[in-house]
C-alpha cells in the first residue's frame, strides 16, 4: 500500500484488535495510554507487559554502564590515561543526566516506539518536520542496529579471554574465529527476541538484581584483593597515547568509552508501547536508570583504575584481549575465580545484547509503520502468534551480520562500529532536543506532560546540546593523529553510505510514501 497523503487509518492484519472490536487484556494500558495513542494517531498492536521495575531493568541492562566501563576502557586509557578515564566518565554522566531529563520530558509528551524521529516531527518547524524526521529516523535506526554487532563482538572477546586465561597456549584470537563467535551470539540473541520475547519483562527484573549483585562482587575483589595505586596517579596522571596536539584533545578523542557506556537511554522510549502508563512511568524510569547506572559506573571505573595501579601497560597489552580479564587474574591469582567473574559479566552482556536487539527492532518497526523504509508494509507487520515485529527483527539480523562481517578483515572494526552507533544516536539526540529547545526559545507552547522540567527545561536543553555536539564531532576521530589506513576510524564511511541509501530512497519515491508522524497527530 502506497501512502501518499495523510491517512486517517492504517490497515494491516495485525492492527485489528479482535473479533468483537476490543483489545485483548494483555494489550490494554491505562486510559492515559489510550489517550496518548489516539492523539498520536497510532493503534495499539504490542503487549503492554512492562512495568516500572522491568523497564528500569531494561534500560539499566541495555546501557550496562559499569560492565561497559570494564570492557571498553582501553580506548579512554590510551587517550586520557587513568585520570582522563575517570574525569571524562564523571563529566559524561553529568551531561547525560541533562540529556536524559530533556528526553524524558519528550517521552512524557509523546510516549511512542518511534522516539526521536517522532519527537522531531512534532516539534520541528512545520516546513522542515517531514525531511528532518525522516533523517532522524534513519540515523536513529543506524545507531541502534550498529550497536548489535558491537555487543556481540564484546561477547566474543569475553569468550576469547575466558579461554586464554585458562589455556594461554590455545590457538584462539584469529579474526575469523572472533567473527564466527560474533555470528553465533547474533543468532542466539535474536532467537531469544523472537521465541521468548514474552519473557523479556520478567528476565529484565531478574537480571537487574544480578546487575547490582555482580557490581558489589567486582567491587569487593578490587577493594580487598588488589594492591591499589595512588590517588595522585588515578586523579592527576593523564596520557596522550594518540599523540594529539594537547591533552584536552586526547581526552575528547577518548570520550568514545564513556559515551558507549551511557549511550541508549532512549531505549525505554522505543519500548513505550509495551509499557503500562507510559507517559508517567517512562520518564521516571529513564531518570532512575541513568542515575543508578551512572553512580555504579563511576564507582567501578575509579575502583578499576586504583586496582590497575602501576601495571597499566601490562594490562592494556594483555594477551587475553580484554584488560579487565588480565586485571582480575592479576588480582585474584586464580583461574577459577577469574573465570567465574567473567562468566557473570558474560551473562550480563548477553542480556544487554538481547535488550539492544529488542529496542532496535521496535525502532525499525515504528519507522516502517510510518513508511520510512523500502518494503515498509512487510517490515511493519506484527505476527499475532508472537506479538513482536519478527520481520523487523530479521532486517536487524541481516544488517548486523553484514556489519559483523567487517571483523573478518579488520582488527579495528569494533572501534568503527562503536563510533557509528555513538555518532548516529548522538545526531538523533541533538535533533530532537534541538527542536524542543527552538520551541522554548520562540516562546511556543509545548504539549501537556506528566513530567515537566519547568524553568529548568531551557538550561538543561542547552547543557545537553553543548555536550552532544562536542561528543558527536569527536566520535569520528581516529585513536592516533596520523593513522594508517587500517587504523582509520571508518565510521564516517558507514555513516555516509547510510545517507546515500536514505537519500536515494527519499528522492526516488520515498518522500511520497513516508508519512511524518506529526501529520497523524490529533488535537485533543
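Backbone N, Cα and C define each Cβ position, glycine as well.
Per TrEMBL, the stretch carrying the note transmembrane segment among 285-309, 310-334 is 285-309. Of all ranges given (25-47, 416-438), TrEMBL attaches the label transmembrane segment to 416-438. Against the transmembrane segment (49-66), stretch 285-309 shows more Cβ pairs under 8 Å than any other of 132-155, 285-309, 390-410, 416-438, 489-508. By the Cβ criterion (distance under 8 Å, sequence gap of 6 or more), the transmembrane segment (416-438) is counted as touching the transmembrane segment (132-155), at least 3 such pairs being found. Tertiary proximity for the transmembrane segment (208-226) is limited to same-chain residues at least six positions away from its ends with a CB under 8 Å from its CB atoms, namely 53, 56-57, 60-61, 64, 66-67, 70, 296, 299-300, 303-304, 306-307, 309, 328, 331-332, 337, 341, 344-345, 347-348.
Here the transmembrane segment (246-264) sits apart from the transmembrane segment (175-196); fewer than 3 CB pairs are under 8 Å, leaving out pairs fewer than 6 apart in sequence. Each of 86-111, 175-196, 489-508 was scored by its Cβ pairs under 8 Å to the transmembrane segment (285-309), and the highest score goes to 86-111.
Sequence-distant contacts of the transmembrane segment (175-196) (same chain, six or more residues past either end, CB-CB distance under 8 Å): 148-149, 151-153, 155-157, 159-160, 203, 350, 353-354, 357-358, 361, 386, 388, 390, 393, 396-397, 400-401, 404-405, 407-411. A contact between the transmembrane segment (489-508) and the transmembrane segment (132-155) is present, since 3 or more of their C-beta pairs, 6 or more residues apart, lie under 8 Å.
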